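Novice: Can you keep this structure in mind? I'll have questions shortly.
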Amino acid sequence: MKSKKRMVSGITATGTVTLGNYIGAIKNFVKLQEEFEMYIFVANLHAITTPIDKLKLRENIKSMAALYFACGLDPNKVNVFIQSEVLEHTQLSWILTCNSTIGELNRMTQFKDKSQKQKNKNRTDYIPTGLLTYPLLMAADILLYEPDYVPVGKDQKQHIELTRNLAERMNNKYGNLFKIPEEYIPEVGSKIMDLQNPTNKMSKSSENPKSYISLLDDIKIVEKKIKSAVTDSENLIKYDPINKPGVSNLIVIYSSLANKSIKEVELFFSNKDYGFLKNEVIKVVSILLKEIQDKYYNLINSNDIETWLEKSANNARYLARKKMSKVMDKIGLNYK
Ligand code: AQP
């Protein structure tokens, strides 16, 4: 029997999962779980890249794990685990750090954007080193598991390229160490935008809660957030991300959740106004969130989650240890 192709991915536990994370990542994990062998983790080590309150972090980790299942990941099909519970992630990350250059990390747009945010907070003296080096932890997250594909949003494309470069570099230097992964970017919704500033990506750590929809938001709040989403004064429903970023973002959200192509959505909304568009977006988002939240509140206090996470962490450890043992041998760290 032909074995399944493997995928690995994770979401950073900096806040509650957003609609952007859902459309850009989780929705696809759910779709692909039948076809692929999947390793999906709660990226808690990535969450300490910038300062985070410890109680908040703890809460985020559990909530994210429960949300993965509430969104439809089947614990019998997908390995969902907590990143820090597989120690090899940090071990390999150090080895990759020693095989990378500051120049290539400095070129990462996410580093430029996120360090700019720190500067905007008047913290010019405080750009955490982890902000520069986290793409290497991400590369380790991937390379440990020899995946065929890494499902990501557009914003992470550059990090996958870095991962591939590092893997090729180390393969050339030490012999065949790593499998070169391919990125897997969804056709629709690979970048859901901020509702208040639609030229920026929707982010769970944004300081303005009106700019994102969290999967655990109260439906009444969601309604308000969508109603106050920034559009333009043209009152023309057309997909044009450059000139009409706000309207295009609503079209993309609707298209993804209603499972319709952008063309079909444009046709459906032709001759309609923005009020109508927003109401339809509210409907599809509310249906989704209600379903997720019902499952979430049933799950969050059950013991099942810990059992599922532990079983999957064991599966992940098995692969990660095998890979690390090979790496240690090939680069000369193993003296025996
Ligand atoms: N707005 C988005 N649209 C589509 N996909 C998105 N992803 C994130 N935001 C969007 C995808 O979700 C996965 C996990 O992302 P992450 O949380 O690990 O990192 P991130 O991209 O930095 O996401 P956030 O929400 O913006 O986090 P913070 O606020 O902590 O920086 C990835 O596949 C990502 O592409």
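Here the Cβ of each residue, glycine as well, is placed from N, Cα and C on the backbone.
Remember, predicted model here, so these are calculated numbers, not experimental data.
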Novice: So which range, 4-12, 13-21, 103-111, gets flagged motif ''HIGH' region' in TrEMBL?
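Specialist: Within the set 4-12, 13-21, 103-111, TrEMBL attaches motif ''HIGH' region' to 13-21.
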Novice: If TrEMBL gives T12, A13, T14, G20, N21, G153, K154, D155, K201, M202, S203, K204, S205 as binding ATP, which of I192, I213 does it give for that site as well?
Specialist: I192
Novice: Measuring Cα to Cα, how many Å separate N21 (ATP binding site) from D141 (L-tryptophan binding site)?
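Specialist: Distance (Cα to Cα, whole Å): 18 Å.
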Novice: Taking only same-chain residues 6+ apart in sequence, whose CB is under 8 Å from that of D141 (L-tryptophan binding site), what do you get?
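Specialist: V8, G10, F41, A43, Q83, H89 - these are the non-local Cβ neighbours of D141 (L-tryptophan binding site), listed in sequence order.
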Novice: Take the motif ''KMSKS' region' (201-205) and find every residue of the same chain, 6 or more past its ends, with a Cβ under 8 Å from one of its Cβ atoms.
Specialist: 12, 14-21, 50, 153, 155, 191-195, 211-214
Novice: Among K154, K204, the binding-site residues in question, whose Cβ has the most other Cβ atoms within 10 Å in this structure?
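Specialist: Answer returned by the neighbour count: K204.
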